[in-house]
Each structure stands twice: as C-alpha cells, then as structure tokens.
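Worksheet: one structure, shown below.
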C-alpha cells in the first residue's frame, strides 16, 4: 500500500493522467476545497456555453469528472444524494492528498449537480479525455494505478430503473445516437403542420419553435419510463431537488439555481407528458411561467414567475407556460372553438350571399328601367308595325302595299266592284250544291288535261287545305287568261316541278318544257310546296327579277338561286347559248310588304291570289277577311273553267 500511495502522490497544483501514449494534465485550484464562487463561475460558463442549445437537461447529483475518476456506474440511491445531507466531494489537501469535504446540504447538492453537468459537458466535448478518465483509450484499454487503488463500486438505485441509469451514467455502455438533419427536418415540418392546424381550428396564435437535438434521445425514453418515480420524488420528498425548484429556493449561486430549474422543468415535462390537455404552450415572449400547485410538501407559489430565469434571450426552445392540475376543470369554451369557427365562416358566407343578392336585384331593377325607357321611346314608331303584324281588327285593315306601275295602253284601274265582283244568289245555290254530300269521285270539271272531282272541290270548303289538283287547275286558268289582249303572257309550272328540280336536278325536269319556250313569256309562275305550306315564286323577265312570296313571312333566297340556275341550264339546252344574268335580282318579300295569313289553312289560297294579282299587273290588295269570298269564287270559276 505504501508503494501505491507513493505512486499516487502528486504535486500540489497538478494531476497527471496517463492514457496510452498521451498525457493530459489538469491544473487544480491552489486552495483546498471547492469554493462556491468558483463553482458558480464554472457552472455559469457551462450554462452560457450550452444554454442556447440544450433544450432539456436532467437532474442528477454526482462527482466532478475532472476531479473524481471513480464515478458510479449505476445510479446512486436517492437517499445517498437527495434525501440526506451526507454528500461527499473530493478536495485537495496542502500535501496533495485527496480528502473528503462535507459542506452544507444545499451547497453540496448544487456542487454535485454542477459536477455532474460538468462531467456530461466534458464527455460531449472531449471524447478522448473522458475515455482517459474512464480507463479507456481509442485503441487499447489501460488500467491506471489510481483505478486499481480505488475500484468502481456500483450503488443500487431504488428510485430509477437500473437499465435507464446505466444507460445514462455509464460512458462505457452508452453510445449517443446521432440525429440526422433529415430527421430534424421531418420533425420540424410535422410540428409546423400541426401548429398551423391548431391555429386554423382554434383561431389562436401558436409559436412552437424548432426543438434542439442536443438532448439525447435515450434520456427522454428513460425519463418517460420512470415518470411515476419522478413524480414521487418531485412532490413527496421535501428535502429533494424538486422542493428547491417549485419553492424557488434561493442560493448564493444564481446560475446553479437556473440550471436546477431547467433540469427539474424538463423532468416535469416528461413526467406529466400524459396530461396534455392541462398543458398550455405559448410564445416565449409571453414572459411568464406557471407552475402547478401541490399540497404535499410544497408551499403555495404564485402563478407567474419571471421567464428570464429559465430561458435566455433568443432561445428557440419550447416554453412551458402553465401546468394545470388534472383535478381542475378545463374551461369548456376551448372545445367549441371549431364550432365557433364554422359559425363565423357561415356568417361571412351569408353576408357575401346577401350582398350578391342585393347586387342582382339592383341589376334587375336597372335592366327593367332601361327596358321601359326603350319601349316608351319606340312606342310611337312601332305602333303601326305592331298593328300590321297582329292585323286586329281585320275589317279595318287596308292593303299593305300599293304598287304604282305604268299601265299599258287600253287598261285602266277598275272599281272595287270589278276587283271583287259580287256573288249572285244563283251562283250561291250552285256552290252550295257542290258542297252537298254526293259521290266523291264524281267529276265536276275537266280541262287542261286535268280532272276535278267532288273530293277535290271539298278542299275549298271552310278551312280545308287546298290540294295539288285545285292549284294546278287554277294556274292553268291564269295561263289561259293571259292570252287575252293587254295582259302579260304567263307560263305556270306544275306543283311538282320545284320539288323535282331541287331533289333530282335539271336533267329530271328538262323534258317538262319540251313544247314550251319559257324565255318567250313575260312571267313564270312556280308553285312551291314545303310539305305543309304553299308558297309562290315568280320569274319576271320584264323586270329581270325572281321574287319569293310567303304568306307566313318566310325568306327563301335559296329557291330564287335554284330557279336562276335552272334558267342558265335551260338556255344552254334549248337555245345553245349562255343566259345573261346581268342585272337580275333575287327578292324575298317581307311580311310588311305582302298580306299575311292569320290562320293555318289559307296558305294555298294566298299563293293563288298572289299569282292572280301579279298576272293582272294589279296591286296585291286583299286581306285575310277576303278568304271566304275567294273560296266560293274559286269553286264557281273551276266549275265554269273561267276566271271572274
């Protein structure tokens, strides 16, 4: 033992540690013991160097790694350094020998905590140095003489689990897991997304800064697994470190109390992690820190403590604002934040919808006002046009168009009696006799190689539609009348001519004019059947125009073009020369220019009477009210094969 003591004897101000080929020297303080001011200074240096990065620290009382190579591999019991005041530290005597010093419980506790923190700091910053203190090297394992003299003795810990304490305090078995930047980024993104979700639902601002990763992950698992033991040590042991934190124990070293508060707060966070509804987080600028109230051995504390004691300026750590007792009822208003948010959104939507409806009503009112103004302005100008379209009453209607044409020599305008000759009683009896029931196939008139039966005559009775036989017979009578002196020569095509020309082309109808020269007459009459409607097209070689007449006001320029093309082909086929279309015009009479039918059955009568007036070079001066008269008159004319 004397040899061992001689080898371990050192100089007064120096300790030499041998590790492999390297020699590390630590210069000790010249005076004996550890003064509190120097310990506080070292603690302040440690705190200032690590405060910006260390988010969660932990509380543990151990010897300084720089002065005590013989550390505990397992956790010492809480009675050894928490409950009792028999905490021992190594000092240096005047002759260089190590000795124990037993200060007061408060200072000893702070020193032991600072020594433990110093040990952890030394481990984190100087891996090679801590390996030397632990008897390890980077390549080989050497056991120093001091370790042989003072072997490490494990101390059982009743408060903490052995596996967790060994993983925390044993540098030989603990391998710090490095957290990659990708993991930090993912965690930060998840926290930011959750913060935005909370802010959207509750309508409050949540400032949750980026957590630091300097705190080991295995420490959080160990602390969370032993939360029940920590709760007992925090709230039941009056002589423990928890009483110093919650009771805001004042000591001569302010930095030591700050570090202790941070350690205990981190313990409180992990031990109360299951009480998430009772923990309220806020921004670090709130300036207050709330502690729970317990009635075991902790005196009543105020709700607000200065945040400057726990967080340095510019720290990005999460700040625990208030920890509420689980027995305290939580205000129910926070659970209805989503409902209030929905109501607010609904109210905003309702206000927008009401504003939109108001604008729509204003636009409708403005449109109605403008429409009324336009109607009032056009009331006088369109009065005559509206009356013409409606034709009410028909008795007061006058001829729409009065065509002033140069009459040929020997022809004069006749009186109204000549235009509309009166039907005598004898003529009336004959017409009624035709309409009586009889043999429908009885031939009543025959001429122009056409035969008119009683069935055909019945189409002129009342509002029946005219058939092809009646129209073709009447057109032939117009051609026969045109042979009279002073009237324009007329040729009328069959009612099937235009339909055949349109569907089959010129080759299908070129033989229809084998015995007729269409270019030698003045007027060509072309009845046009549109399925259920009769119209008339007139080719006037004198005026060089093709005009379309429709009693319903229809426009059909296509029919006019088809007839003009027919004239070109007919001229080439019959006369062997081109038809000169220079000066020819195509017209479709508008509804304001010719009389319009006021029912759905007189279209055939209107087409025939258009042709009658045109072939006499007379104005079209009849109206809808004349249609019953024209029907009776046409019956008599067909029966006698002569126009009145």
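Glycine too: its Cβ is placed from the backbone N, Cα and C atoms.
Note that the structure is predicted; figures quoted are calculated from it, not measured.
Swiss-Prot tags one of the stretches 562-565, 566-569, 570-573, 574-577 as motif 'Nuclear localization signal', and that stretch is 574-577.
Record note: of 117, 308, 315, 351, Swiss-Prot gives the feature phosphoserine to 117, with no matching annotation on the rest. Swiss-Prot marks one residue of 57, 225, 257, 588 as phosphoserine, namely 57. According to Swiss-Prot, of the candidate residues 93, 132, 163, 180, the site noted as phosphoserine is 132. Sequence-distant neighbours of residue 550 (active site): residues of the same chain at least 6 apart with a C-beta under 8 Å from its C-beta are 535, 556, 588, 589. Neighbour list (residue 533 (active site), Cβ cut-off 8 Å, at least 6 residues apart, same chain): 552, 603. Sequence-distant contacts of the motif 'Nuclear localization signal' (574-577) (same chain, six or more residues past either end, CB-CB distance under 8 Å): 513, 517, 519. According to DSSP, the motif 'Nuclear localization signal' (574-577) comprises 2 helix, 0 strand, 2 coil.
Tertiary proximity for the motif 'Nuclear localization signal' (628-634) is limited to same-chain residues at least six positions away from its ends with a CB under 8 Å from its CB atoms, namely 420-421, 423, 427-428, 431, 460-462, 470, 474, 605, 608-609, 622, 644.
According to DSSP, the secondary structure content of the motif 'Nuclear localization signal' (628-634) in residues is 7 helix, 0 strand, 0 coil.
With DSSP states grouped into helix (H, G, I), strand (E, B) and coil, the motif 'Nuclear export signal' (635-644) comes out at 6 helix, 0 strand, 4 coil.
Residue 603 (active site, nucleophile): 22 other CB atoms within 10 A of its CB, across all protein chains.
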